[in-house]
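Contents: one structure, followed by commentary.
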């Protein structure tokens, strides 16, 4: 990385033909020096089946022994953890919207339906219940007067994206953050000196310094479990398989199939986020299927790894430093040698 | 706690946390209580108008049906544009049309660094003062201005020591400072800076000690030349340190920020020179003060133009206040340096102090502006959204252009 930095292009970020700072990259673990490493793994979080149970949050806290960091009633729907941070490595977002979800008729007027009467009509005993015409509304009823009957509840379990080009890793001055053989990004807590540079570098607002500890913490994708051939705790705990863990290539294929399926089912909002190896961070190791714009979930719509522009930054800083040196030299040259006599004479 | 709901008027949130009120009060008309302000405006749909940081809502549509936010239920989003009309400063046209955007309950997209203003802005200021000071000191020595040279060597040594102390003090684990020198990483401006300080610090320190004690003049001369060559890098690299983050006000200004910083550093070092040198020697310091101030202010203006929407944080709030103070102080300092500092020792000292203060204000302003831009999701979401839209438009146009040759109608509509 050292010797190739100088030749970087400012926009493409290709460093002597190799995409070390930005752009598509097939093998981040290999570029970090791992040989004979396992395939890159990741998360595919399919938010369309998330039920907001927070089992992932709990499993993550328990497995990784993360300290308690506040149990707040935030007023943000059912969200108690507010966002990712030093002690929140999985965060379930809850969004309430007045929009239908696909073909679902959320605005059906059930006010005329007497459920007790319907229940009484169902034959008891072994006879199978017949679908009742009165129970199936044939047409969506009119929305109520205040227009608030359509509601969809979006839930999404957010996590560290384990970027292909991870800004936190690039800017870490101690080498505490490193790329594992699985292509994930992990903090070595015995090396971190709490400089906090990774915190503003992350374009997703994931990593954070833990108060009273000082060091930076974030999701490790359960590095210890991966090493033992197990899936991360959150994916293991997810009851709906909203969090899917596996080799990244496989997950990307599965995600494409899922988004096609949803669109065919009428969920036109469905889109993938972070799956594209050509995006600003070279694709995420943890990517998502979302049902609305990313910013609705608190995700940046077009994140770019800050180090993409680093060669250009060094060039500008170099120019500025030379300007300072040259400028001050010119000032002294213009004023010439000071001799007490000339000075006194001028006075 | 009293039975009368009116007693709670104006107390707002306090009442919400009180779970021991008499039943009669709980079952009063909640809408009326909210209107009175006697209970918190928290409904089952969330918080209304309680927390300024959470004003932007999800969904991207005004789901209150234009009925305003108070008392209107629904999970909807509020357009940002409604509020900005009031916030705008008098007699000033908005540079950028007010942006509409959505966010997750107004929560920031980015995490804010735990950096303390006095540490990091102080580090920027002292690093600049030391770096540019070493260059001025070498120039003064080479052109026969011994008092100025000695003063600046000492001030550079003291500043760089203070700057390193501020940096170490800001670490979450100060005892592990040496881990900074575990690796050399050009992708990490902080690593580069640590090594730079490791080289520059001893050079500036030696130069300062030799100048103060008057011993080992040859070593002192070598050290001051070394410090003068490394000094500009010390003054400029801190701009990369700030820019190489996802903070919009820092990253998007990465082209101009190094020039802001070296300009500010030159002004600060000239200020120190004006404070410490006799009139017979301060000619170059006066010129350097003018040049540094001019460069700094020109770079700030260019940066603000480039930043567009994000430039707000350099004009408003805490960042804006510091930047305005810096502008006023540097104007006063530069004017004093140019017009009076050649004739009056007192005027030279006052101008020098003003220039030093201006530089400190600039660093604080840049720091606070960056913090403000990372706290508000607007500055993350809106520019990225615009970038996406521009890219989509480009793709559409190139596709349309490929199909129809020239399609003027579409472009005109855009």
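Cβ coordinates come from backbone N, Cα and C, glycine included.
Per TrEMBL, the features are as follows:
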type: COMPBIAS; residues: B:1-17; note: compositional bias 'Basic and acidic residues'
type: COMPBIAS; residues: B:29-53; note: compositional bias 'Basic and acidic residues'
type: COMPBIAS; residues: B:62-76; note: compositional bias 'Gly residues'
type: COMPBIAS; residues: B:77-90; note: compositional bias 'Basic residues'
type: COMPBIAS; residues: B:384-396; note: compositional bias 'Basic and acidic residues'
type: COMPBIAS; residues: B:405-414; note: compositional bias 'Basic and acidic residues'
type: REGION; residues: B:1-95; note: region 'Disordered'
type: REGION; residues: B:374-414; note: region 'Disordered'
type: TRANSMEM; residues: B:120-139; note: transmembrane segment
type: TRANSMEM; residues: B:192-211; note: transmembrane segment
type: TRANSMEM; residues: B:223-242; note: transmembrane segment
type: TRANSMEM; residues: B:257-276; note: transmembrane segment
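It is B:223-242 that, among the stretches B:192-211, B:223-242, B:257-276, forms the most Cβ pairs under 8 Å with the transmembrane segment (B:120-139). Sequence-distant neighbours of the transmembrane segment (B:257-276) (same chain, 6+ residues past either end, Cβ-Cβ under 8 Å): 124-125, 127-129, 131-133, 135-136, 140, 147-148, 151-152, 155, 232, 235-236, 238-240, 242-243, 250, 282, 284-286, 288-289, 291-300, 303, 326, 330, 333-334, 337, 341, 348-349, 351-356, 358-360, 362-363, 366. Panel annotation: around the transmembrane segment (B:223-242), residues 123-124, 127-128, 130-135, 137-139, 141, 149, 153, 156, 160, 189-190, 192-193, 196-197, 199-200, 203-204, 206-207, 210-211, 250, 254, 257-258, 260-262, 265-266, 366, 370 of the same chain, lying at least six beyond its termini, place a Cβ under 8 Å from a Cβ of the stretch. DSSP places the residues of the compositional bias 'Basic and acidic residues' (B:384-396) in helix, strand and coil in these numbers: 13 helix, 0 strand, 0 coil.
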